Amino acid sequence: MGCGLLAVLAKNGALIADRSGRDFQVVTVSARDKNREREADISAYEWHDDPLQLADPQKVDVVVELIGGAEGTALDLARAALSKGISLVTANKAMIAHHGDELARLAEQSGAVLRFEAAVAGGIPIVKTVKEGLAANRIDRMHGILNGTANFILTLMEDSGASFDDALGQAQALGYAEADPSFDIDGVDTAHKISILTSLAFGAPPSMDLPIEGIRAITDIDIAYARELGFRIKLLGIARITDDGKLDQRVHACLVDANETLSKVGGAANAIEAHGDFVGPCMIEGLGAGAGPTASAVMADLIELARGNRNSTFSMPASKLKPLPLLETGTRRGEFYVRLRVADKAGVMAEIASALRDEGVSVERLIQRTRASDDSVHLIMTTHQTTEARMQAVLSRFHKIDDVLDTPCMLRIEPI
Ligand SMILES: NC(=O)c1ccc[n+]([C@@H]2O[C@H](COP(=O)([O-])OP(=O)(O)OC[C@H]3O[C@@H](n4cnc5c(N)ncnc54)[C@H](OP(=O)(O)O)[C@@H]3O)[C@@H](O)[C@H]2O)c1
């Protein structure tokens, strides 16, 4: 990302100076290894082995932190800069999700400015959209595809019929997934981003206290059945305020109506939709990662600083951010998709039906398919509205039936 930022300055420096009224100068840089081969030539800049030395108010107006990680050097640098009154621009969603409240307070106390446009959905200007463009609205819901790697894998599985492992391998070979892809495919990266959006939209400090599920358990079979039922499977970050004022914040793969615009957002793209009480639904789509889009967002923050925009870190001063009561997961209502592989025997359906009846869950659609290779049968059902708690009770009943051969797969159907 650091080299991407230097590339933006090298190519568009004059235009940026005209637009911002300031000439940006890179004064000093740091990284782990000074001599590593890089895409940008950094030999002209003062070098520090210790990144904390960058936080010198005699030398710099703003520190750009592009190290990453919720803790460690990135956080030390952020604290050092902000406590000395030096503004900070960062792309670090993990740090903002875990320490955004503390850093915002630190910035306010010292008179520094903290900006993190690139931390949520890379090049998409969703932070500025919520903070500024939608500032007049009471927002009651935000949801979106916030991780390009996961979306790339799901799209590949859908388009080519590839298994999860094959799609992940291809994503890694093409540079869309890292060697350790866990934050992307386990939903943690999406959780960082939705917790930041929650803060911007609902005025709560960012919190990682939310249920998180990723896409490792999604099979090509579920993708195919979802398509047959008129859905696509997407990893979504969702944050909404319930009618009784609770925060329903979660990350999971879910079935989205195939006709929805969000369903059609494919490959490594990201898209976010916000619902405001006056603006209605408002959606932005674009590239959520990569050197170009991310550097574009980092530079936009720097331009905003140069123009003198010193508004709060989140949508209001840190002292006004208030934690919201959380919706108890079991009480959340929705429709569900369930796939079971069962033995092709008499009596299995009766056991399944009684589990559903006992827990008060009614089925909306049921598909039964015999598999040619063995004598097992796939049962795919979608339910009417029920609670998450009832659904979990049904699943544990299914699990105990001897003729249910695999762990049942359950996905939520998300109305958007
Ligand atoms: N990649 C994306 O598409 C993307 C998109 C949005 C946001 N972001 C965020 O942007 C940030 C940077 O991501 P990246 O992909 O550019 O990561 P990266 O390629 O791993 O680069 C990290 C940089 O930080 C330096 N660094 C690491 N540990 C350090 C330490 N202890 N002290 C000093 N320097 C250290 C590295 O130095 P060396 O060069 O010497 O190794 C490298 O220059 C992260 O917060 C990430 O979440 C990335």
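Heads up, the Cβ atoms here are built off N, Cα and C, so glycines get one too.
Small disclaimer: the values here were computed from a predicted structure and weren't measured.
Quick look at what TrEMBL lists:
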- K193: active site, proton donor (ACT_SITE)
- K93: NADPH binding site (BINDING)
- E178: L-homoserine binding site (BINDING)
- 337-412: domain 'ACT' (DOMAIN)
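Neighbour count (other Cβ atoms within 10 Å of the Cβ, all protein chains): 28 for K193 (active site, proton donor). The residue listed as 'NADPH binding site' sits 6 Å from the residue listed as 'active site, proton donor', counting Cα to Cα.
Counting residues of the domain 'ACT' (337-412) by DSSP class, helix then strand then coil, yields 25 helix, 30 strand, 21 coil. Taking Cβ-Cβ distances under 8 Å and a sequence separation of 6 or more, the neighbours of the residue listed as 'L-homoserine binding site' in its chain are T149, Q172, D184. The DSSP secondary structure for the residue listed as 'L-homoserine binding site' is coil. Other C-beta atoms found within 10 angstroms of the C-beta of K93 (NADPH binding site) number 28, with every protein chain shown included.
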